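Reviewing the structure listed below.
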Amino acid sequence: MTILIDQPHFGVEVQEKKVPIDEKELSLDGGFLVPQTNSFGHTFRDYDAEGERQEGVENFYRINHINQTYDFVKKMREEYGKLNRVEMSIWECCELLNDVVDESDPDLDEPQIEHLLQTAEAIRKDYPDEDWLHLTGLIHDLGKVLNLPSFGGLPQWAVVGDTFPVGCAFDESIVHHKYFKENPDYSNPAFNTEYGVYSEGCGLDNVMMSWGHDDYMYLVAKENKTTLPSAALFIIRYHSFYGK
Ligand SMILES: [Fe+2]
Ligand SMILES: [Fe+2]
């Protein structure tokens, strides 16, 4: 998959018209080889593999799929968009994240802070000159603090896991799709058609995604007027979205 996004803006006016079109694209899969195992020797996100965590992961998605409704997401976005919880530095937040366990990830037994640093360093290796991308990797999961009491102590199903659009039919490619049958939106004619409350070509910006750490960190960055480029906000907002 190649994602087309705005070119990061570095505060210097370049001669826009002379930039060849392909330099305006950030090809996120350009030459990147997907490794079979992580640095701890474990395989990645195999939701069907037999394993100690598999049952817990499936149960996590059952509760997640039942509860992530259009109205719930709307309420959460309004509430957390106020940013009236806690003020802290990025590094303080990284350390705080170590108190959070991600029950949705079949692989991740390592502390969260390891994951943040590994992500940032791996990106630095592949894209040494894109410092904004290193920082984006470092902060991409900070929204998981939603799970902690000072941020409202949201349950795991409202913090982690793959994300998907709400307000339209749940796509069959979403992991453990069968559990959506118990979601009230599944049988609501306003929400259960291909486009639901949206119109064709309305743009991803106008689509509400299931609520969790991605959307929360996006709101935090945006409302605090981050100087990160729009590509960084895109990555933060959709990094758990595995759409087809
Ligand atoms: Fe994440
Ligand atoms: Fe992550």
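We count from 1, first residue shown onward.
Each residue, glycine too, has its Cβ placed from N, Cα and C.
The structure displayed is predicted, hence computed values, not measured ones.
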Matching residue for the Fe cation site, where TrEMBL names H140, D141, H213, H239 - out of H115, H176: H115
Near-site residues: Fe cation, ref H115, H140, D141, H213, H239, CB cutoff 8 A to centroid: L116, T119, L142, G143, K144, D214, M217, I236, S240
Residues satisfying Cβ distance under 8 Å from D141 (Fe cation binding site), sequence separation of at least 6: L97, Q112, H115, L116, T119, H213, M217
Contacting binding-site residues, sequence order - E103, D141, K144, D162, H213, S240 vs ligand 2, Cβ under 6 Å: D141
